[in-house]
Amino acid sequence: MSAGKEGDILCFFINGKKVTENHADPETMLLSFLREKLRLTGTKYGCGGGGCGACTVMVSRYQPATKTIIHYSANACLLPICQLHGAAVTTVEGIGSTKTRIHPVQERIAKAHGSQCGFCTPGMVMSMYTLLRNKPQPTMEDITQALAGNLCRCTGYRPIVDGCRTFCQETNCCQASGVGSCCPSGNENTDEPESEKPQLFDKEGFLPLDPTQELIFPPELMRMAETVSPQTLTFQGERMTWVSPTLLDELVQMKSSNPTAPLVMGNTNIGPDIKFKGVLHPLVISPARIVELFEVTQTPQGVWVGAGCSLSEVRSVLEKLLSQFPEEKTELFKALIQQLRSLGSEQIRNVATLGGNIMSANPNSDLNPVLAAANCKVSVIFSGGRREVPLNQDFFVSFGKTILKPEEIAVSIFLPFSRQGEFVRAYRQAPRKENSFATVTTGMRVFFSEGSRVVQDVSLYYGGMGPTTVSAAKTCAAITARPWDDDTLSQAYDILLDELALPPSAPGGKVEFRQSLALSFLFRFNLEVFQKLREMNVITDEVPERMQIQPLPREFQPSLQEFSHVSKDQSKQDPVGRPIMHRSAISQATGEAVYCDDIPRTEGELFLALVTSSRAHAKITSLDVSGALQLPGVVDVIRAKDIPGKKFHTVYRDSQEDFLSETEVSCIGQLVCAVVADTRAHARRGVSAIKISYEDLPDPVFTVEEAIERSSFFKPQRMIERGNITEAFNSVDQVYEGEIRLGGQEHFYMETQSMLVVPVGEEREFNVYVSSQWPSGTQAAIAETLNIPSNRVTCHVKRIGGAFGGKIDKAIILACITAVAAWKTNCAVRCVLERGEDMLITGGRHPVLGKYKVGFMNDGRITAADIQYYTNSGATVDESVMVTEKMLLHLDHAYNIPNLRGRAAACRTNLPSNTAFRGFGVPQSLMVVENMVNDVAMVLGRPADQIREMNMYKGPSVTHYKLEFSPENLQRCWEECKLKSDYSARCKAVDLFNQQNRWKKRGISIIPLKYGISFTDKFFNQAAALVHIYRDGSVLVTHGGTELGQGVHTKIQQVASRELHIPTSKIYISETSTGTVPNTCPSAASFGTDSNGLAVQNACQTLYQRLEPIRQKNPKGSWESWVSAAFLERISLSATGFHRGPEVYIDWNKMEGRPYAYFTFAACCSEVELDSLTGDYRTVRTDIVVDIGRSMNPSVDIGQIEGAFMQGLGLYTLEELKFSPSGLLYTRGPSQYKIPAVCDVPLRFNIYLLSDSNNPHAIYSSKGIGEPIVCMGSSVFFAIKHAVAAARSESHLVGPFSLNSPATPERACLACASPFTQKIPTNEPGSFKAWALNI
């Protein structure tokens, strides 16, 4: 908060307390003000661009005109504090805490198991809290709308929705408890009465919602709004001045004098430009207090809506008008409401304005095409007077620019009433159904004179089809004065295609898809207009029901989570097997849980920001850091020469990855140096001031094909084989060759890479607080980097806000650089990556090209398969070779193919290195195998499930690496999944649906799973623990696992409770620290509870045995009395525990071994409904049956299953990484990269834990579950593929076809090959420079 010249005093309230800021800096956002100035760290940084909801707060304002208080949710990361004068802000800390009382929202999300890593939880809580402040009895629609702008990477959303659903008062909301269904559909096949089924949570004990207990709006702010005559406010910061006038004339004068100064209302457009593009505005004008900008006035012709009205207010105004006017007058209003439902998130719509949306002239705006099509106009004021400007094709002149002059101000927008015989429609298609910029949007209007089908006037506008909102004027001319019929429209499609032609290398890509959507939207409009003319008796032609298009289903149905009761003989105190809440869930929901960047700043602490390469393959010819060192606040620049010890990180055997590269770079995003400064802002400005000169090197490699052509591979390349492939191919009935591509995946953990290194001040000792899955690995690497012994470095991990494999090697490299900065400056140094930096630098899941040749008999038996995997590994080896090894070890998947060969190559490319990711290659491996099986089914014209079932392992079996195992539980999962999902009946229903619908299709798929658990390197499977019993009887447990949200601490607490025979309330786990448990292994491979649980069990059993003599002396004594007596008897109350791990190995030369301790089995059935004209789909239902042995904690395990499934759904159907032709990652944040949101959850999501299963290889007969179910997201992919095949059959296309992963709307739509898609001219690859690489 740097002091500038004297400005006004900013006054607002936070959590009921007055805040006055004498030197408010316009560049300070509420998020950094809360976290750094006020130490309110419950509000989290997730993306900085309003795309994830982690920073959601509630803003309240008093409206003197109506004497009402309004409450709305907003993203603190985009909210300048200068905008908050006179407002009251409520954060998660302000609604409840464990020290006072927790709020019902906090309690219910926690107790419904809706918090895993917990980083997103405060934002979820605040979105729901704001909804309840406005509507104490919400509908399910309200709840899903309120949560649409909040992302979660852990839970799969179902438990969050179920927790919030308990506030729902709908009579048909039969699952308000979140624990089962009162209206089951289909064959649930259960013998147990509903009342006797174990439940994940009990809503009966929940605190009631009492609106009288909420914080009141500060009376001082009411008096201030009522009595003080408003004056212009000026806030002056270090680089920017903020002026907030109160009179329209003053605003006009100010804008006239400063025409380039932007007007800021919601900051949803200017804010991201400043943050992500480095745009600097010396003066910003905020017209938020000018009354005229918020006025709504009705005229006989329509409604004038103030340009300053938020999009939420506009929607509210329009919804009121719907009820006041007849239907024929409100066509435009209905179209706008439809667009406003999915434009941005609730948090964005609450602050973004109608005027801002128009003036930003976004080429894929949702509103501008509708406003233009409906002949709306803008009232503009300037120093010379007023004028009305029509919103038409002339209004938008170029990208981001309108016809208005810089000094002109939009005051209001005119929305006309529609007329009898006039129809207005709006359509959009986006990468994700909600909170996503549209790919293509459109506004369409047609007007007929009474009783006629001849078109009097028509207007078609598109967004996403060029640099501006585009008018299809030629198409309109071809339709006008002609009858609305098939002849007219079929000509219109051809003209439209020609008129909206896009060059093949158009920015944004998706050229064929966008053109197809343009045609499909006109066709959809055609169908709707036909229907309207029919209803008005203008025409008698029937639109066949089969041709009509209804919206995709969106209502959530009750879901089931089935698991077994614990034994009746089990002690009530013994928590093992019970659905215990995550041990930190309450503190996560109240914002009290401490993450790495929540640790308070120490005096003199510095911040580190990284300088990365902007070239993919180049020599660095010069590195000039002088500009950075001259900037205010910059302390130093860390370079490779500053590293006192080892300058690289060893990941795979002898592979090396340099910490900082100053001579040559091999990818965009490679670390070059780092700037250390007194604040985050100063460090980032220092980064911008560093100048690097490059000399490009020839022939960079980006794609797998380029790597194959140049033999650019990391060694070794592995192969595994059984049987005789050559002979087998000679004896089969049919041979088929195919391939499939899988895109990569970003981890998108909610907490970005974070670390704090604190020099202790003596004997070269350092405390390191790091968000890492492997504290011991980080400790050892820092010690080697600083050239000091490991005993001088202590790594602490309290909890991690999600990791998924992305916080092992990359976290180590970043921690080492931060440690060098702390070493050099002798100050504490903090490094927290911005979301875009994190995505650019850290890599993700490996993209894969899988090629296969498969031999099979006419009855469907697969007897031979030869599979080749190529992974795009990036610039350094990282863990890529190990990933390819695991892919080959899961080559057989669930199928017994007697002659099988697999080969895998890790391709070296000039992209950021990919790394470990949940599943570690298995989701890619499985996908290739399943696609192969699917192709066999399509060649034979048989249902895919029959081919799968025929080839699955049965009876005593042997894997391709000669490991004997029993597939009995694999078969049980498969059969139970078919039964629970009512698979055969639903297959018939899908076929019937597809016969009855031309443009919508359903698809269903069932997929099996066999997944090996444990690290294949046996030394990684060991674990240690340390357990202390204190004299008051309380117990402190420390172990080597880190809490990532997977619930390992919760399960460890259950282990200690059972072994010590004490309640969990007496047991505490503070952190994971290398100072208490040394030489730990990474928390990964779904093995954390298996290994650490057995180590803790070992320690607890030792302690319990030591207390045996005391118990024998006093058998009726209390735990506390035994502990006290033991102390007096000088019995040690501290013990270490150790687990050596299973004897696993793999011999690649002999192609045999026992690489895994055991297998986790599962089967999953998913059904989708697909719109073949847009490629949009909805997962209607998913049923998953999982064998996890005896669940130690069903709520944690079911949470892991649901979260993994949703991450897999993202991998296979939604998440797309896009790289520029020069190797730059385009998708560097939630606005470009879409992970699943609430709108992507299956409408019915049933989980069944297989009963009567035992596993002698793990603690308490449980099984690892963190990773396997990611693979089950593929069931949605194959359901989409089934639906696409049904659509293709309408065009008489049968047999195998290509559909790569992810099956995005673009890929699904083009694969459907509708008549409109077939009209689009295709561009030969290589004949143009594509906007994005196909890596």
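Cβ atoms here come from the backbone N, Cα and C positions, even for glycine.
Per TrEMBL, the feature domain '2Fe-2S ferredoxin-type' maps to 8-95. Within the model, the domain '2Fe-2S ferredoxin-type' (8-95) shows a mean pLDDT value of 96, rounded to a whole number.
Positions annotated as [2Fe-2S] cluster 1 binding site by TrEMBL: Cys47, Cys52, Cys55, Cys77. Listed in sequence order, Gly46, Cys120, Gly123, Asn150, Leu151, Met750, Arg835, Pro1230 are the same-chain residues at least 6 apart in sequence whose CB falls under 8 Å from the CB of Cys52 ([2Fe-2S] cluster 1 binding site).
Marked as [2Fe-2S] cluster 2 binding site by TrEMBL: Cys117, Cys120, Cys152, Cys154. Cys120 ([2Fe-2S] cluster 2 binding site) counts 30 other C-beta atoms within 10 Å of its own C-beta, drawing on all protein chains shown.
Feature annotation from TrEMBL assigns domain 'FAD-binding PCMH-type' to 235-420.
Packing around Met265 (FAD binding site) is summarised by its Cβ count: 22 other Cβ atoms lie within 10 angstroms of its Cβ, all protein chains included. What TrEMBL records for Leu263, Val264, Met265, Gly266, Asn267, Thr268, Asn269, Ile270, Asp366, Arg428 is FAD binding site.
Taken from TrEMBL, the feature Mo-molybdopterin binding site applies to Gln773, Phe804, Arg918, Ala1085. Counting every protein chain shown, 26 other Cβ atoms lie within 10 Å of the Cβ of Arg918 (Mo-molybdopterin binding site).
Of all the Cβ atoms in the protein chains shown, 27 others lie within 10 Å of the Cβ of Phe920 (substrate binding site). Annotation comment: TrEMBL describes Phe920, Thr1016 as substrate binding site.
The feature active site, proton acceptor is assigned by TrEMBL to Glu1267. Cβ environment of Glu1267 (active site, proton acceptor): Arg918, Gly919, Phe920, Val922, Tyr1011, Ala1085, Ser1086, Ala1204 lie under 8 Å away, each six or more residues apart in the same chain.
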Neighbourhood of Asn269 (FAD binding site) by C-beta distance under 8 A, where only residues 6 or more apart in the same chain count: Ala352, Gly356, Ser360
Residue with minimal Cβ packing [other Cβ atoms within 10 Å] among the binding-site residues Cys77, Leu263: Leu263
Cys154 ([2Fe-2S] cluster 2 binding site) versus binding-site residues Cys47, Cys55, Met265, Phe804 - nearest by Cα: Phe804
Extra residues within 8 Å (Cβ to Cβ centroid of Cys47, Cys52, Cys55, Cys77), [2Fe-2S] cluster 1: Leu31, Lys44, Tyr45, Gly46, Gly48, Gly49, Gly50, Gly51, Gly53, Ala54, Asn75, Ala76, Gly123, Arg835, Pro1230
Under 8 Å by Cβ from Phe804 (Mo-molybdopterin binding site), same chain, sequence gap 6 or more: Arg153, His747, Tyr749, Phe917, Arg918, Leu1044, Gln1207
Candidates Cys47, Cys55, Cys77, Cys117, Cys152 (binding-site residues) - the one closest to Leu263 (FAD binding site) by CA: Cys77
Cys117 ([2Fe-2S] cluster 2 binding site) versus Cys55 ([2Fe-2S] cluster 1 binding site) - Cα distance in angstrom: 16
Neighbour tally for Gln773 (Mo-molybdopterin binding site), based on other Cβ positions within 10 Å of its Cβ: 28
Chain-internal residues, separated by at least six, CB under 8 A from Cys152 ([2Fe-2S] cluster 2 binding site): Cys120, Met124, Ile160, Met750
Cβ-based isolation winner (fewest other Cβ atoms within 10 Å) among the binding-site residues Asn267, Thr1016: Thr1016
